[in-house]
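Asker: This structure is in structure tokens; I'll ask about it shortly.
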Amino acid sequence: MIVGEIANFVAYAFAPAVLVTPLGALSIIVSAVLAHFILKERLHRLGVLGCVMCIAGSIIIVIHAPKEHSITSVLEIWSMATQPAFLLYVGSVVVLVFILVFHFAPQCGHTNVLVFTGICSLMGSLSVMSVKALGTALKLTFEGKNQLIYPETWFFMLVVATCVITQMNYLNKALDTFNTAVVSPIYYVMFTTLAIIASVIMFKDWDDQSGGAILSEICGFIVVLCGTILLHSTKEFERSSSFRGGSYMPVSPSLSARLCSGGNGELEKHEEEDGSPSEEICLRRQELY
């Protein structure tokens, strides 16, 4: 996991967030394939379709992704982060997070999955921008252009730490409260969408692209979203069906008749005369009750 997160961190330094963030869905495919071969979990046909959709959408995104802008100093990123449009976005995110944390979380955080996942996704969009800024600064430092002398680099590091800790805290709360098959697709959709919006505002990734390229990226992103949701829904379907298949035990006719008759001897007498099963009568009586 540490190696994977380091690789993800490095990817943000070399590619736009519009490209890197949606490709996180590929980890779901790897997990599904490994679970099939190592844990012997059966991959449903709809699960295979979900994997194919994720791969197809990722290919579309890669083909039409914007090019990375050349950045020579962390001060350039700081000027992007302090532009009015992005400051408005940051202010809106902070206000929404405070409202969700202090107003909605105590009241309906444990009953509405959107509260905890909303906090994670909002903070996650800021963490992606800060990670990209910090990764670019470290890349320039390793190339011989020391960026650690600027206080902006350390500020981005502080923002990364704050956002990641908050994000992981509320993501764990969401996973502890709700089903993983519900939390994961909702979190992926909200987090990826907000991260793309933040990247478009801050780094202006779509300014140099044509309308067709932007539309193709959006379509590829939607295909990846559908594949992700399909994979998780299939996993939940398999879990629920296996649970029902393993725990259901039919009640014997004699026991069913005794439970439904409640001491009424007429039903037992009727069974003895013609031998007709009493399960249907039992179910009808239960429905009436």
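Note: Cβ is positioned from N, Cα and C throughout, glycine not excepted.
Annotations per TrEMBL:
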TRANSMEM  12-39  transmembrane segment
TRANSMEM  46-66  transmembrane segment
TRANSMEM  86-106  transmembrane segment
TRANSMEM  113-134  transmembrane segment
TRANSMEM  154-171  transmembrane segment
TRANSMEM  178-201  transmembrane segment
TRANSMEM  213-231  transmembrane segment
Asker: Sort out for me which stretch, of 46-66, 178-201, 213-231, has the most Cβ pairs below 8 angstroms to the transmembrane segment (86-106).
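Answerer: If we count Cβ pairs closer than 8 Å to the transmembrane segment (86-106), 178-201 scores highest.
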Asker: Looking at 46-66, 113-134, 154-171, 178-201, 213-231, which one has the highest count of Cβ pairs under 8 angstroms to the transmembrane segment (12-39)?
Answerer: 46-66
Asker: Under a Cβ pair cut-off of under 8 Å, which of the recorded stretches 113-134, 178-201, 213-231 contacts the transmembrane segment (46-66) most often?
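Answerer: The stretch I would name here is 213-231.
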Asker: With a Cβ cut-off under 8 Å, give me the same-chain residues at least six positions beyond the ends of the transmembrane segment (113-134) that come close to it.
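Answerer: For the transmembrane segment (113-134), the list is 9, 12-13, 17, 21, 74, 77-78, 81, 90, 93, 96-97, 100-101, 104-105, 153, 156-157, 159-160, 163-164, 166-167, 170-171, 173-174, 177-178, 182-183, 186-187, 190-191, 193-195, 197-199, 202-203.
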Asker: Please give the sequence-distant neighbours of the transmembrane segment (178-201): residues at least 6 beyond its ends with Cβ less than 8 Å from one of its Cβ atoms.
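Answerer: Sequence-remote neighbours of the transmembrane segment (178-201) are 16-18, 21-22, 24-25, 28, 85-86, 89, 113-114, 116-118, 120-122, 124-126, 128-129, 132, 171, 221, 225, 228-229, 232-233, 235-236, 239.
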